[in-house]
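Annotation comment: TrEMBL describes His9, Glu64, His68 as active site.
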Amino acid sequence: RTPSNFTIHGLWPDNKSRRLNFCKSTKYIKSADEGKKAYLEYRWPNLTTTEVESKKNEFFWEKEYKKHGTCCLPLYDQNSYFKLAVDLKDKFDLLNILGKHGIRPGTTHLTSQKIANAIRSETQGIPNISCY
C-alpha cells in the first residue's frame with residue numbers, strides 16, 4: 001500500500017543520550033473497538049500487509065508498543081502512547097513543510113541534509129532521516 005502523505009513508523013522515546021527499547025515486560029492488549037483500529041489504520045498504517053490483516057492481528061502496533069511504548073510507562077499507557085504518537089504525527093504536515101522549501105516528490109539532487117534542514121526549520125526538532 002502507498003499512502004498519499006507521510007506516515008510514521010513509530011514513536012521512539014529516548015533519555016537524551018540514546019533511544020530506549022524494550023523497557024518493561026507488559027502485555028499488549030488487542031483492541032475490541034473497531035473505531036480505534038480504523039483510526040490507527042488510517043493514521044499509522046502497517047504498509048506491509050492489507051488493512052484487513054493489519055486490523056485483525058495488530059502485529060505492527062503490538063511490536064511498536066512492546067519495543068517502544070513500554071518505555072513510556074507509567075506516564076503513557078498503551079492507549080495514551082498510540083494517541084501521543086498519532087497526535088505528534090498530525091501536528092506537522094511533512095508534505096506541506098517540504099513543499100514550502102521546494103522539496104517535492106521527484107525532485108533530483110536533494111540531500112538528506114536539505115530535507116533535515118527544512119524539517120528542522122519548521123518543527124524545531126532534529127529529524128532522523130534515512131535515505132534508501
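Note: Cβ is positioned from N, Cα and C throughout, glycine not excepted.
Please treat TrEMBL annotations as automatic predictions, because they have not gone through curation.
The separation of His68 (active site) from His9 (active site), Cα to Cα, is 11 Å. All protein chains included, His68 (active site) registers 22 other Cβ atoms within 10 Å of its own Cβ. Note: Glu64 (active site) has non-local neighbours His9, Gly10, Leu11, i.e. same-chain residues 6+ apart with C-beta under 8 A of its own C-beta. Residue density at His9 (active site): 11 other Cβ atoms are found within 10 A of its Cβ, drawing on all protein chains shown.
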